[in-house]
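J.: The structure under discussion is supplied below as structure tokens; questions concerning it will follow.
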Amino acid sequence: MKYILDGKAMKDADRYTIEETGMPSLVLMERAALKTLEVMEQEELDLSNVLIVCGSGNNGGDGFAVARLLLQRGKTVTVVLAGNPDHCTEETKTQRKIFENCGGITMREIPKGDYTAIVDALFGIGLSREVSGHYAQILKKLNSMSGKKVAVDIPSGVSAASGEILGTAFRADMTVTFAYQKAGMVLYPGASFAGKVFVADIGIYLNEQVCGQRYVTYEKEDIERFRPKRKPDSNKGTYGKILMITGSSGMSGASYLSAKAAYRTGAGLVQIFTSEANRIILQSTLPEAIVSVYTDETDAALLLKEKLEWADIICLGCGIGTSETARKITDTVFGYLSEQPKNCVVDADGLNLIASMEEEKKERYLRGAGKCLIFTPHVKELSRLLSKTVEETKKNRISLAQQYSENYNIVLAAKDARTVVTGKGLFPYLNMSGNAAMAKAGSGDVLAGIITGLLALGMDRYEAASLGVCIHGFAGDAARETYGEHGVMAEDIIEMAASLSGEVNWKGTKQR
Ligand SMILES: NC(=O)C1=CN([C@@H]2O[C@H](COP(=O)(O)OP(=O)(O)OC[C@H]3O[C@@H](n4cnc5c(N)ncnc54)[C@H](O)[C@@H]3O)[C@@H](O)[C@H]2O)[C@@H](O)CC1
Ligand SMILES: [K+]
């Protein structure tokens, strides 16, 4: 498990380390420079003729320190101070002086030439507004030059908080970032400007009461660490009775994928409640599942009540469509959960149907059932839940998801290239696994199934959603390795997720 910070939280960690623990700022800067150089050497960059562009803030100070270290190693270094020399921080002034005392020369304009490597030390986490004018010109020029591009701490022009490009940004091949990853180099589009990211420990640590935004993220090894172990004396009932209210006529695939994903994640018993049209196909493709059906003539809502009583955990929505029957089903489920809370994952049209309910009823349902719900909306579904435009939702996805969770106590997995999981009073989980090969029909059904399966293993809602998103992404990464960028199918993610979960390793042999 790791933390990811925005610029404000990182500044607070700097401040805490310097002011409260007494670690001198220049010591941190020296370590930052040494680590940057170490990574450049490790990555076998040609350092024979390096251009370093420094700003007047402490990011520029890091740049001067790297320049001096290169100089001391006998390399040719061209240093340009792009910021106003009078506005330099004390640390940057000191670093400039040391660099010049070692024989370095500080230029004010970028001299023409072919550089083997270009180091961006213009702005770091102190970037506070759009990059324009002289600075924008410099970044554009650097981007157009050949030579490997290295960003110090964060590519200049990328917002450390949101990953937005503030005007223009440095397009790095690699970024050496200090202490913690910044959200801006994880979230898009910033992530695609950062290149390969190296996190360097320079001795800055978080104060528990840190201000700003702090995210949690899981790495691959966390899957084994956090996923509950199976009890030796367990039976199928130990892992919950899952009711999956999924599929509709012509949409058996959503039922199949979500139920199979729940089983492969570890669920003991899965019952699918779906349209009569899906009975035969589901019984033949997934004989492990109990299949209960409604027909056009039966009252689906009435049948459903009995199933809801039976269930410990519910998953609603994958492939149910927005028919009148689906509407009645959704109404029944939310009505039931408001009275009798049972953990429930709501996905796809289940979300669209709750979003389209009449306000008073929706509010009553969300307030009544909020504490047992996990919603898994993509941006469009989230925009419907929030009654906002897709653009607005996309731009403020994380803060809107947080507000929604705070308001209703619902756990939200707000899906995107970087899915975020929010829960009331909790640090948001920011997911780093996954790739574009997963942008395929059925991938969301698989995620809903995995999260439901983790609930069945006894995880709480926020943990199940976070670990589920993490497993889903890593499984997608493994599937891409096997089937390539374009060839991944949703079902491959299920198989890979099962292997990831520790039952078998990548080659399919037993680990334990
Ligand atoms: N002692 C410390 O605090 C340490 C800081 N470190 C480095 O210092 C960086 C943070 O330093 P600072 O807080 O000084 O901030 P920056 O170096 O990121 O730059 C802030 C400066 O740029 C100006 N500025 C911001 N946005 C601008 C824009 N769009 N156009 C023109 N000027 C703009 C600000 O007014 C300020 O003068 C980190 O990213 C890291 O690289 C590291 O050396 C580790 C230790
Ligand atoms: K930078």
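Residue numbering: from 1, along the chain as shown.
Note: Cβ is positioned from N, Cα and C throughout, glycine not excepted.
Pasting the feature list from TrEMBL:
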- 58-62, 124-130, TYR135, ASP153, ALA254, GLY319, HIS378, ASP445: (6S)-NADPHX binding site (BINDING)
- ASN59, ASP120, SER156: K(+) binding site (BINDING)
- LYS415, ASP416, ALA417, ARG418, THR419, GLY444: AMP binding site (BINDING)
- 10-210: domain 'YjeF N-terminal' (DOMAIN)
- 219-504: domain 'YjeF C-terminal' (DOMAIN)
J.: On a count of neighbouring CB atoms within 10 A, which of the binding-site residues GLY61, GLY319, GLY444 is highest?
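T.: When each Cβ's neighbours within 10 Å are tallied, GLY61 tops the list.
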J.: Listed binding-site residues are ASN59, TYR135, SER156, LYS415; which sit with C-beta under 6 angstroms of ligand 1?
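T.: So the answer is ASN59, TYR135.
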J.: So which other residues, same chain and not among LYS415, ASP416, ALA417, ARG418, THR419, GLY444, have a Cβ within 8 Å of the centroid of the Cβ atoms at the AMP site?
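T.: Nearby residues not in the site list: HIS378, ALA414, VAL420, ASN431, GLY434, VAL469.
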J.: Residues other than ASN59, ASP120, SER156 within 8 Å, Cβ to Cβ centroid, of the K(+) site?
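T.: What remains near the Cβ centre is VAL53, GLY55, GLY60, GLY63, ALA121, LEU122, PHE123, GLY124, ALA151, VAL152, ASP153, ILE154, PRO155, PHE170.
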J.: List the residues of the same chain that sit at least 6 positions away from SER156 (K(+) binding site) in sequence and have their Cβ under 8 Å from its Cβ, in sequence order, or write 'none'.
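T.: The list for SER156 (K(+) binding site) reads GLY55, ASN59, ASP120, LEU122, PHE123, GLY124, LEU127, VAL131, TYR135, LEU139, ALA169, PHE170, given in order along the sequence.
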J.: Could you measure the widest C-alpha to C-alpha distance across LYS415, ASP416, ALA417, ARG418, THR419, GLY444, the residues recorded as binding AMP, and give it to a whole number of angstrom?
T.: 14
J.: In the three-state scheme derived from DSSP, which category covers ASP120 (K(+) binding site)?
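T.: In three-state terms, ASP120 (K(+) binding site) counts as strand.
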J.: Provide, as an integer number of angstrom, the distance between the C-alpha atoms of THR419 (AMP binding site) and GLY61 ((6S)-NADPHX binding site).
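T.: Between the Cα atoms of THR419 (AMP binding site) and GLY61 ((6S)-NADPHX binding site), the distance comes to 35 Å.
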J.: Please check the binding-site residues ASN58, ASN59, ASP120, SER156, ALA417, ARG418 against ligand 2 and give me the ones with CB under 6 A, sequence order.
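T.: Listed by sequence, the hits are ASN59, ASP120, SER156.
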J.: Measure from the Cα of ARG418 (AMP binding site) to the Cα of every one of the binding-site residues ASN58, GLY61, ILE125, SER128, GLY319, then give the nearest.
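T.: For ARG418 (AMP binding site), the closest Cα among ASN58, GLY61, ILE125, SER128, GLY319 is found at ILE125.
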J.: To the nearest whole angstrom, state the Cα distance for the pair ILE125 ((6S)-NADPHX binding site) and LYS415 (AMP binding site).
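T.: It is 26 Å, counting Cα to Cα.
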J.: Write out the long-range same-chain contacts of ASP416 (AMP binding site), meaning residues 6 or more apart in sequence whose Cβ is under 8 Å from its Cβ.
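T.: Within the chain, ASP416 (AMP binding site) has Cβ neighbours under 8 Å at HIS378, VAL379, LYS394, ARG397.
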J.: Tell me, how many other CB atoms lie within 10 A of the CB of ARG418 (AMP binding site), whichever protein chain they belong to?
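T.: A 10 Å sphere around the Cβ of ARG418 (AMP binding site) contains 23 other Cβ atoms.
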J.: Rank aside, I only need the closest one: which of the binding-site residues LYS415, ALA417, GLY444 has its C-alpha nearest to that of GLY61 ((6S)-NADPHX binding site)?
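T.: Closest by Cα: ALA417.
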J.: Nearest to GLY444 (AMP binding site) in three-dimensional space, by Cα, is which of the binding-site residues ASN58, SER128, GLY319?
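T.: For GLY444 (AMP binding site), the closest Cα among ASN58, SER128, GLY319 is found at GLY319.
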